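Participant: In case it helps, Swiss-Prot gives these features for our protein:
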type	residues	note
DOMAIN	17-368	domain 'tr-type G'
BINDING	26-33, 176-179, 231-233	GTP binding site
MOD_RES	T57	phosphothreonine
MOD_RES	T59	phosphothreonine
MOD_RES	H723	diphthamide
Amino acid sequence: MVNFTIDQIRHMMNMTHNIRNLSVVAHVDHGKSTLTDALVSKAGIISKKAAGDARFTDTRADEQERCITIKSTGISLYFEYDPETIDKQAAAPLNPTEEGDPTEEDIEIKQNSYLINLIDSPGHVDFSSEVTASLRVTDGALVVVDSVGGVCVQTETVLRQALAERIRPVLSCMCNKLDRVIAELQLDPEEAYHKLMKSVESVNVIIATYPDEAVGDIQVYPNQGTVAFGSGLQQWGFTRKFARLYAKKFGIDETKMMERLWGDYFFDAENKKWAKTDKKDERKAQGKKPLKRAFVQFVLDPVYGLYRALNEGRTEKYMKMLDTLGVTLTSEEKDLRDKALVKRVMSKWLPAADALLEMIVLHLPSPVDAQKYRAPLLYDGPEDDEACTAMKKCDPNGCLMMYVSKMVPTADQSRFYAFGRVFSGIIRSGQKVRILGPKYSATNKSDLLIKSVQRTVIMMGRYVEQVADIPCGNTCGLVGVDQYILKQATLTDCESAMTIKMMKFSVSPVVRVAVEPKNPGDLPRLVEGLKRLSKSDPMVVVITNTEAGEHIIAGAGELHLEICLKDLQDDFMKGTPIKISPPVVEFRESVNQATTEPGLAKSPNKHNRLYVNVEPMPDGLAQEIEDQKVTPEQEFKERARYMSTTYGMDVELMRKIWAFGPNGNGPNIFCEATHGVQYLNEIKESVVAGFGAACAAGPIVDEPCRNVLCKLMDVTLHADSIHRGMGQIMPPARRVVLGTMLKAEPILVEPVFLCEIQVPRAVSGGIYGVLTRRRGHVFEEIDEVGTPMMNIKSYLPVAESFGFTQDLRGATAGQAFPQCVFSHWQAYNGGDPLTEGTKTNEMVKSIRNRKGLAPEVPTPERYLDKL
């Protein structure tokens, strides 16, 4: 039975000190959704019996079929928590609500009630954008780590994303699947301790690379209750439970006991003394066994003892243990056998939901605390303006600031809920709001609409509940604004407010397919379906090539594309049949060396001449531009100094950067290196437009350029301005960049996946052959000590990744589990793209043929002029 009403949840929304917003993040298959079930079950939404198997937050049919989470799902849960077991420090003063001072009812609620806005996010790397969208609107992250597999590539990726957003990794790293350590690996308790310690240390190593004074120390410490251990599937787990138990038994302080239950603390039962070593040699001489580690003696030994007694069906032993522990079983529960018995008994003794709830309440920040340090990072305007001040205070009486991070389709797929977080103010049904799009800025205010919100709703997993308004510090859905928002937006009622920064994704949409309807008459339905698909997924990119008449969908990987195409056909086109091209990969064009002499292009009227040199940029600079560490908005002297000291570039030249391209922020740079040219500033806009067009479609295969530095060496201009307008300057500016690139040893650049493969050591030999055939190579092998598994890290070109998983499973009898995440760009290793017969040249021809271009690459003479 559900333990709360929507009215209670709405009432709790005013109590910002008692709200916790968190995302559950982890590597795929590490047990996020089963663990989330524990909290959903405690709130009474699903039965305890179903918890762990129901995966309530996996709302789509294909999520249940595939047993993986595809879309992040939000749910608001109301909990009453026993105040005796909560630190008194956790109780903070109430925020006065709009209605005035807190009432007696509020104070009563304050003592033991909490609202947890939880988002269960996907673990598969192809759906990383869903994780980014959920992290943006939450303040903490429950990082789930498989006790057997340890910290994997995606654990690391999502943890880094969380830290970059100033999100506390719920300091609550849940070492999950402890049941597998006991039953499958059959490690003894001391080995199990070292296995768990390795997982905790791996998480802390990643956290240590993101020091941030504003957030403070966010490393995870089991002896402070910020790490839980347990099993999501069997619904048991613990943090402080054992410390509380022994503190009561021995009559000592719980905090002191907690400190000694992790690390190098050993208890000498004979002398009733603590030691920092196991005194192995000393005790061996006395004919005694070494001292046991406190975590092993007081925590793992009882867990192992009960677990094994239950598994082996030793009724007398486990009933005696349960009697000692104060756990009583009903007659129905006593009749259970095998896994059902283990799950019921362990979850009764060590309920996972209680451990998680305690960790969330005590160690996660409330919106009031979190927004103090998150608001300056997220807000794209001055820190002292009205909007940012309201966000920092999480002020319900301040101006409205809400960030929409994703669009969630309604049950019938016809409309969308705009899902996001209210950072300040209150959003109401019927309220008029300013919708600021991603291009809105202080200088460009065109991306702005003023519209009314029809309804505000609370997202409850697969259901929604309507409420009149939502105050700050909460996540919610909006109805009626979906046609004005593509993917992300800022909603405000303050005229001076700037946007909340757009999200940065950890993956890139590098895999593409072209789609067309089988029946040409269904083209309008396809176009409408593509619009809805683009809205429904934060990452997918839909490109319409009007010249070739093709519609392209770009995704992060094979699985991401497969899900997008299924959604397009089944949901957004209601089953209309479509034709899908084989997947292709996005390439980039670049140059391998600097030109020895500048290329020349003349304007159509022959009165103006542009001379340009091109060269490759220093290694790493293009990546920093893509990561927005070097941006067009930076102060130009400071940026020039940084590029000079970091990359050894000419500081004077770097002060004269005219543009980044394409789109004004791409990984190519155009600099002005002329001397004493008249009217130069008058043609700047036209030259930059030409450079942007050249960067958007390079000379070899019409793909975007990357890592190209263009220098304008000289210009000859007509004295009369009418002869040097946009139409006269932009075409030669584009041509001179393309032509000069062809003289600078052009290269094709391809995307590369970092592929982490978990595989049993016995069958790992087959992996190397599969990788070699696909131009991949292994760069690191890690043995999982104490297990038959090993981790193989390799690089694999994205172009060779199609069907890789099937090949790998075939070569390893189905036992290899790969995870591929976009890593970097590298030159296509197949010879000169312009030389007939090379592998790269064949690739160039196939791309040109697919795009409907002439098979031969143009020569420099096609673009450049002679004196």
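Using the three backbone atoms N, Cα and C, a Cβ is placed for every residue, glycine included.
Buried or exposed, and what's around them? Tell me for each listed feature.
Facilitator: Every protein chain shown contributes to the tally, and the Cβ of S231 (GTP binding site) ends up with 29 other Cβ atoms within 10 Å. Secondary structure at S231 (GTP binding site), taken from DSSP and collapsed to helix, strand or coil, is strand.
According to DSSP, H723 (diphthamide) is assigned to a helical segment.
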Participant: By a 10 A CB contact count over all chains shown, which of the binding-site residues listed here is most packed: V28, L178, L233?
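Facilitator: Output for this query is L178.
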Participant: Least buried of the recorded positions K32, H723, going by other Cβ atoms within 10 Å?
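Facilitator: Fewest other Cβ atoms within 10 Å, among the recorded positions K32, H723, is found for H723.
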Participant: By the DSSP assignment reduced to helix, strand and coil, which category contains A26 (GTP binding site)?
Facilitator: strand
